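Notes follow the structure.
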Amino acid sequence: MDITSILLIGAQVGLIYGPLALGIYFALNVMSLPDLTLEGSFGVGGATTAVLLLKGCDPATALAGGMASGMVMGFLTACLHVYLHMNVLLAGILMTTAAWSISLAIMGAGNISLLSQATLFDWVGKGFGLNAQWSQILVGSGFSLVVALGLIWLLQTNYGMSLRAAGLNIQTARGLGIRTETRQIVGLVIANGLAAMTGGLVVQSQGFMDVSIQTGVIVIGLAALMIGMSIFKTPRIVPSIIGVILGIFIYRVVVTLALKLGLPPYFIKLATAVVVFAIVAIRSHGFGFIAIPGTERARKAAREHLDYLENDRVVNIT
C-alpha cells in the first residue's frame, strides 16, 4: 500500500470540497443557522455550471454562474426564514427538495457529459504542464486557500463582526442596533454560494453532471467540519478555518484508505455517518486532538451557544 498515493488522492478529491466545508462552517458555526439548502445548492451550482459550459461559456464564467445560482438558493431560504418566519431547518428541507427539480429543469436531462468541454482543470494542466491529478490538487488547494483567506478577512472586518454577533447572540446583536435579519440573509447567501462553487468544481473535475450528485453531500461537509473542530477546539476564526480544511483532507484520506483496504463503495456513506457520530460523541465529552489555550472557556461558550440555539428560534416547525 502506497501511503503517498493515498495522500495524493485525498488531496486531489478532498480539497475540491474545501469551499463546501467552509460554507457549512460559515452557516453553522458563524451564523448559527443549520441550513440544509447547502446540499441543494451544490447540485444546482453543478447543473448551472454544466449547462453554461455546453452553451459555450468559458470555465471561469460557467463557475461564476453556478455560484450565483447557489446564492439565489440561499437568498430564497433566507427569505423563507426571515420574512415568513419559517424554521430554517424546514426552509432548508423544502429548498433542497425543490433543488432536485430545479436541477433537472436547468439541465433538461438527468445526466450531462462534459468530456468534450474545456474545464478549469484543463486550463491549469496545460498552463503548468501538469497531469490530471496535480491539476486537480492545484485548483482545489487554490480555491480552498482563497475562500479561507476571504472568510478570515471578512470575519475580522466590522461587518464580519456584526455577522458573528448575529450568530452568537441574536438578542444582544439586536440590542446593539445590528439588523440581524439582513445579516442572516447575507450569511446564507455566502454559505450557499460556496456550496454551489464546490458543485461547479466537482462537475468540471469529473467531466459530467448527474442530478443525483447532491445526494448526501452535506454529510461529507459535516464530517470535515466535525474532524476540523476536533483538531482545534477553539472559537477562534483562523484555527477553526484551518481545521475545516484539514478536516476535509483527512476525511478523504480515510475514505481512500478504506477503499484500498477493500471496503465496498456502497458502505462509504454508512462509514461516514458512523465517523460523524463517533466524533460528536468524543467532542461532547470534551476530548480534542490539539489543546488550545482557553479550551475550557470554549467548551463553556459552546454549551451556552447550544442553549441559545434551542431557545432562540424564530418559530417552531409546527
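Keep in mind that glycine also has a Cβ here, set from the backbone N, Cα and C atoms.
Residues or ranges marked as transmembrane segment by TrEMBL: 7-28 (among others).
Among the features that TrEMBL reports, transmembrane segment is placed at 62-84 (among others).
What TrEMBL records for 91-114 (among others) is transmembrane segment. Remote same-chain residues near the transmembrane segment (91-114) are listed as 34-41, 43-44, 46-48, 50-51, 53-54, 69, 73, 76-77, 80-81, 203-204, 207-211, 214 (criterion: CB distance under 8 Å, separation of at least six residues from the stretch ends).
Remote same-chain residues near the transmembrane segment (134-155) are listed as 8, 11-19, 22, 26, 30, 120-122, 124-125, 128, 161, 163-164, 194, 197, 201, 205, 237-238, 241-242, 245, 248 (criterion: CB distance under 8 Å, separation of at least six residues from the stretch ends). For 134-155 (among others), the entry in TrEMBL reads transmembrane segment.
The feature transmembrane segment is assigned by TrEMBL to 185-205 (among others).
Summarising the annotation, TrEMBL assigns transmembrane segment to 211-232 (among others).
Listed by sequence, the residues of this chain that lie at least six past the ends of the transmembrane segment (237-254) yet keep a Cβ under 8 A from its Cβ atoms are 6-7, 9-11, 13-15, 17-18, 20-22, 25, 29, 144, 148, 151-152, 155-156, 220-221, 223-231, 272, 275, 292. The feature transmembrane segment is assigned by TrEMBL to 237-254 (among others).
Taken from TrEMBL, the feature transmembrane segment applies to 266-292 (among others).
For the transmembrane segment (7-28), the list of distant contacts is 34-35, 38, 42, 133, 136-137, 139-141, 143-144, 147-148, 151, 187-188, 190-195, 197-199, 201-202, 205, 217-218, 220-222, 224-225, 228, 240-241, 244-245, 247-253, 255-256: same-chain residues at least six beyond its ends, Cβ to Cβ under 8 Å.
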